[in-house]
């Protein structure tokens, strides 16, 4: 028995084939009882069965193994739940016969409040607080609901039955086939599922409304939400129906299940979870209120729905063999969600906004403490650590880079082949590379191993000399340190025009490229831009002459928004790594005074905040001048957009208006603060006033908090009142994210305490940590105090 403890994975001498699971949740007592009969194939001689279980009470007398080809029943002589390894070891007196048998186990558990396993979420109905029962099993928490082989490679079929209060809705992965009411309880039986991994099993019990539609091939799609909010599910429903049809064509495989349910959960740790046929969401990621949700909320719903539905193929139908390949699930779903959103909403120019994903990946991967995309996972406790910007955003970015290198048509064709080959099975990263290599004839494995098996990425330095471009790659670290990594880098560049694009693979440390054809007398001062459209996962450092040409090109609007974004972001990163002086960055920022693109300006605003914080620490006496410099940069776009939307304006302008006005408020722009105060007062008198629509509310809230002090707290108290009166999660988060922008340390202390009060759901407390620069010390002291208190509580 000791041999099974401390092992990274379960032994493979017994393999599950089918689960018959029955559960009876008690929503009042917050506990559940259950039984499971598992069809198990004994494939090697053993007297042990080892599976996963955690935080369950196992009834030893209920445990038995019955071989299919024998009438004999095997009862274990010892049943041991090893909590530190989350395994259940069944020790039988004699070896179990090879072949199929049924393992029966009875158990009980707690509906916890930690948003994992089988847990409880709270909501209000007719003024009464109630519980719903919800599952969240990824990555390794199905074992908290029923004993199982809780690893993605142990795929099996599931037959689920729930005993629930008769007035409640009970959902699972598959459609209901029978519902028997017996007084206050009903027994709900579901159709047997196709084979799937345990982390994709789901069931939800509570009071819900829904809206419904069908795809053109008859798949029933529903959006469930709290009673009274059904209309808020209409937008997600439309997106889901269109996305399912788009993916059916893109992957060349139909959606595999007869129905798709999507449900909004009030207490939910992640943004959403792709459970097969029953996708669970945080309310902010699924519900959209036409009157009180902002354009950014609408876009968030669309991209999250597209991401989760991509998993129904890439993750659920074809599943990673082990968590080392998590990035295959998440990186791909992130990338393809942009593909789908761009197809449905081309006017959003979502691929330009993808650069935010790219930047997040570059930022984390520039740290010495980063990790490769593919990480060896040696224990279930390690899995949560890789649900980060490397798996999601770097993963998505290198897929985009590869698609750009291979070509969209070849990439799609090879992908469809990969999905057909591995459907209802498991796959590794190497399987995807093999399919793409076969379809393209390119050395995909050799190329991509340099990006997935080592951490970090290069900065490519480029100089123009003697009618040649000199390229040199070195590992980029945000600290400015030197690294020894080397990559196969897909280089693209343009000279003076997007009609003149060149590409090659940089496979060595340095290489020269002859550009005589570009360097005519009339073209000697033409701009040269590397990493065209930012499709590559690397940064670029230009020599002074090339950088000056690019500034001129930005000022004269010769470059695309994606390239304007990339030049700015690379310059900021190089400046922070002490490879460029701050004066160089500020000069470049001045070239964006007439910028109107949403994504470029959003990044410029983010950089402004970061530079401002650094400057405030280093030279506080210069802050008034620095803030005025930044205000001057944003003045043009602010005057163009104003506070009020125009008839038929674009989705992107709606999002930009709020961000620009919020930035001006944070910079202390007097006119913005004054106008925000006027509009906020009107909003307090009438929550439906056209003077403060959802897109500009965050700006007004932030502006109000800039003038709040411990002795003048009217604005703070008013925002708390709005928070308490709204039942819209998006509005609550808008307010929570605005409160900590206050410069008053006493108010910051109150905001932090409020974030841990019962009025704030635990998943939302993090929004209150985005404190002003004046509040950093208060927040740090507070954080240390609560961390120490939590530590002492854990060891009492």
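Backbone N, Cα and C define each Cβ position, glycine as well.
Unlike curated entries, TrEMBL annotations are predicted automatically.
The structure displayed is predicted, hence computed values, not measured ones.
TrEMBL lists 15-200 with the feature domain 'Aminopeptidase N-like N-terminal'.
TrEMBL lists 235-451 with the feature domain 'Peptidase M1 membrane alanine aminopeptidase'.
Around the Cβ of residue 307 (Zn(2+) binding site), 27 further Cβ atoms fall within 10 Å across all displayed protein chains. Residues annotated as Zn(2+) binding site in TrEMBL: 307, 311, 330.
Annotated active site, proton acceptor per TrEMBL: 308, in sequence order. Using a 10 Å Cβ-Cβ cutoff, residue 308 (active site, proton acceptor) registers 26 neighbours.
Contacts of residue 392 (site 'Transition state stabilizer') defined by a Cβ separation under 8 A and a same-chain sequence distance of 6+ are given as 327, 330, 331, 334, 357, 361, in order along the sequence. TrEMBL lists 392 with the feature site 'Transition state stabilizer'.
TrEMBL lists 527-784 with the feature domain 'ERAP1-like C-terminal'.
Within 8 Å of the centroid defined by the CB atoms of 307, 311, 330, the record's Zn(2+) site, lie the Cβ atoms of 274, 308, 310, 314, 315, 329, 332, 333, 334, 337, 392, excluding the listed residues themselves. All protein chains shown were included, and the count of other CB atoms within 10 Å of the CB of residue 330 (Zn(2+) binding site) stands at 24. Of all the Cβ atoms in the protein chains shown, 24 others lie within 10 Å of the Cβ of residue 311 (Zn(2+) binding site). Per-residue pLDDT, averaged over the domain 'Aminopeptidase N-like N-terminal' (15-200), rounds to 97.
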